[in-house]
Amino acid sequence: MFPHFQQEREDMVRWQIEERGLHNQRLLEALRKLPRHLFVQPGDEIYAYYDEPIPIGFHQTISQPYITALMTSLAALEGKETVLEVGTGSGYQAALLGMLSNRVISMERIPELAERARKIVDEVGIKNVEIIIGDGTGGYPPEAPYQAILVTAAAPSVPQVLLDQLTDGGRLIIPTGTRSLQQLQVWQRRGSHFDSEDILPVVFVPLLGQYGWKER
Ligand code: SAM
């Protein structure tokens, strides 16, 4: 259905994703199908499958393909979940989550990015993703609890309010640390306890808002 850049997508999956140890077949299939070049700014299509983040305007980025795939893989989706994403950006991660779960709520604080992401998600025919404009640091209580929450911007620490919106067994994937370097972490709810694991060092743009960094 989206034949353009098919070879680039195959190469991305083979060399950036599988080669780094991600082998979930549903995830790899979704990455092979989703036309990433539609989510970048017009004129940047040829860079869309590069092994790096790309600017999307408003000082924001579409994350590196591997990091998007890794965070998705850490969410361990089977198809029935309701997922919250904080940081819609281009909409690519939200669309990928939509292909692998039942329903996605994705929050973005920059209205222009949210509108653009809505249009692209619609264009690629993904119907189960709702993009909400606003500060997502406090989550989105009307649709909670979530089996998975992905925060795709760097938080100073883990907002308890997000942990509280997980189902029992639910997972929060979030980069936390300083503004310049973070640790990607997975938090899992077990009753009233939360286990956490450090995955790898990462660099994300800051999560700005009530339970994130203050704007400066
Ligand atoms: N997931 C995105 C994608 O697939 O393109 C990449 C996200 S980009 C690295 C981080 C995004 O988080 C930016 O678009 C930024 O505006 C957004 N953001 C930062 N703080 C936020 C907040 N408090 N609530 C919602 N979005 C936020």
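Easy rule for this one: first residue shown is 1, then count along the chain.
Using N, Cα and C of the backbone, Cβ positions are placed for all residues, glycine too.
Among the features that TrEMBL reports, active site is placed at SER63. Following the DSSP three-state reduction, the secondary structure of SER63 (active site) is coil. Cβ neighbours of SER63 (active site) (same chain, under 8 Å, six or more residues apart in sequence): PRO53, GLY89, TYR92, GLN93, THR152, PHE204.
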